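So the structure is just underneath, and the comments pick up after that.
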């Protein structure tokens, strides 16, 4: 089982293994990725294992055990894998089995045997059990024994962690074909849709999980993805929203039952409170109000309370603001402007929250699309993005030999020079200051690259000039009434926050290009009326370049080239 | 990602524009980044980079590989060269013709699908159509065309095809000789034989011969299958032609009967042949020997183990017994020695006591029977001796020895008497003697 399967016998799935939830997906015959529901019908399977007199529970059943059997329930263990005890953060496990140091790794002391004896189970063994359960669910669903998988990991997963995960997967009978980064899997899930168009764009993937949030800024160039910047926050996540609701409901409870005691101070009561708060949070993502109802919450008092979305958004405004800040920080880290971002993909369970999507939409200009269920009807379920992306990648590479996969993911292949500036042509006027730069190749495009453009010509035809230049993206800020502000800060947009209250007019921010470097010129003569010009630019890996221009349908082409830097 | 549409018009070429001289401007230096190894476009990039292809090269090679697959499939079926001898065959002799070879399917034979046969027929017809030959100025010889038609007729009818396949000797694989087998390629050579014979099986799939790593169950299943082989092979194809005339019914029946008998005989022969073939293979199969040896070894192992255990037990028992005997003997010797020692000591003690007694009695005598002055009277002597004996009987041997030591060498009467008196005193104080019992010493 643990032997490497030959490509023909491989049945590969995509696994998204998160701290809070895991999901599994496969690619159907038509190349459509679909998420598999486990035996209980869950597509998001809580990454929790629980043991009751030797019987193993996983997923929703195990999650319910957090109330009654917390000490034998293991949760939030993904990030512990491959780490030593010193470097882990055990806070999320407060309500479940506590992590302990065991030799060089982390372990849990749980009663997982029938005779109720306590045994020490390492985190890697827990992971193996969890993955085995996932594998069995997938095998049952597909009717074939699943023996390989593409697993998604956060961008900051270390090699040691990957190795530990790979080993745990192998023990569970799964050959890991490849580890892919969660944000890239999300982008792939969107790009693999049949209606998706291939375009050069900058994408922000905000993966808002249960106990951590990760943001990645990705340059997508002709279907190739490069991560420009990442940001991680372990203090912002769904758990924070749960905490806000827990505090709210605990206070309401105390108001109603003066002698009820604080449910947060009692382990079982707080577990009940947490579970129900999470349910309320999910309900509020769909409906505009939700009911909180727990029987015998604390000291035998039942508690029912309703909350509407308005109130929820008010009390958790701080957390929402933190999400937005995190995304903006990541964009800044990538040395980009919000105007450069054409898409924001919200992934992870917390991304269902409508307020997060809407506050991101307002923080970014109108040209940015926020892909979340509440803002875009065609959005894919954010919880399923990573698993779908992994399944698509699995279907692409499952035919490959293991060695082939290794070679393709080798740094020799993946490390590529990326263009520092955009390459394009000047339109309207040949003068560098008045002409309008239109890019063919965006900045941060990996080379070698080939791009073709169809360009309009003056209405009457005739002779035209093709001037190829490098352009730098600049943000042009224009104020409707520059005189109203005398403080001289007009040029600098980021400092305007404090005086934005006094001026009603919004400043206009625009993305333009400044022509920096003329690379080549070519003339096309005698074009007919309404003709179009086809221009193709080829940039080789050493940055040497060739181009040709011709009238569409015409036979005469003008060719040109410029050399690689250093050789000139 | 192929084309970008740019709506703005290109600038008009000014009159005084001249082609610039070779521009020295180059691109700004690039930054190295990792591209994510994900997605179809990355895989294309990896392919280009690993094989060092440019975009257009890669496009061309990809297209070629896709096209080639189709061509290969098509070409394979009729790529066989045609034997000129076969081309000159007479269609009347169709029973002797190899139908597969005629259609160019000799490498597929019984494995050829119906579709392959149809396509092969079409290709051959296009090539060998008599009208084409006539148009090319050749003779109007359509004999090979007839051969093709006959071959198709037989091969596209499942019943007739089976009859032909039954007698298709070209598909047979001769079993290798014993010598060839012993060179070590048993599985390769016999595997082919069994694969060819397997085509006659009514039960499909036929188990494979396997290799030297096959399990015992597999091997047993294989030979069981072949000993219970259920064959559809029949020999109608080799029947003698039944005369078609209605006139001679007897002759017709005779031929039919002869054919029936021949078929039966051939079938029996074939079964016997197959049986012998399987026997031969079984005899040469190293695995059978290996399994038997293993089994034997297993059995032997059990027996040997049992024997060894018994032997060990017996040895242990003997050893224990021996040790016990040894121990006993030692004990006996020790006892005997102790006994002898005891006797000697007793005797010595006795002797010593005797001697001591004599000394004591002597001392009494020496002390003149405790009579002060002059010879002692008989009564005096008697009582003195009696008292001395009384003392001797009352004290044990050790005290006697001590007394003897005190008395030894003493000649003085008073001294001796004093010793005796002391002795009596100690005896009286010990309660062994009553006061005044030894009268002579009072």
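Placed from the backbone N, Cα and C atoms, the Cβ positions cover glycine too.
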Region 'Disordered' range according to TrEMBL, out of B:191-211, B:212-232, B:338-358, B:359-379: B:338-358
Range among B:239-272, B:409-442 that TrEMBL annotates as region 'Disordered': B:239-272
Summary of DSSP states over the compositional bias 'Basic and acidic residues' (B:338-349), given as helix, strand and coil counts: 12 helix, 0 strand, 0 coil
Other parts of the chain folded back onto the region 'Disordered' (B:294-322), taken as Cβ under 8 Å at six or more residues beyond its ends: none
Predicted model, mean pLDDT over the domain 'J' (B:98-168): 83
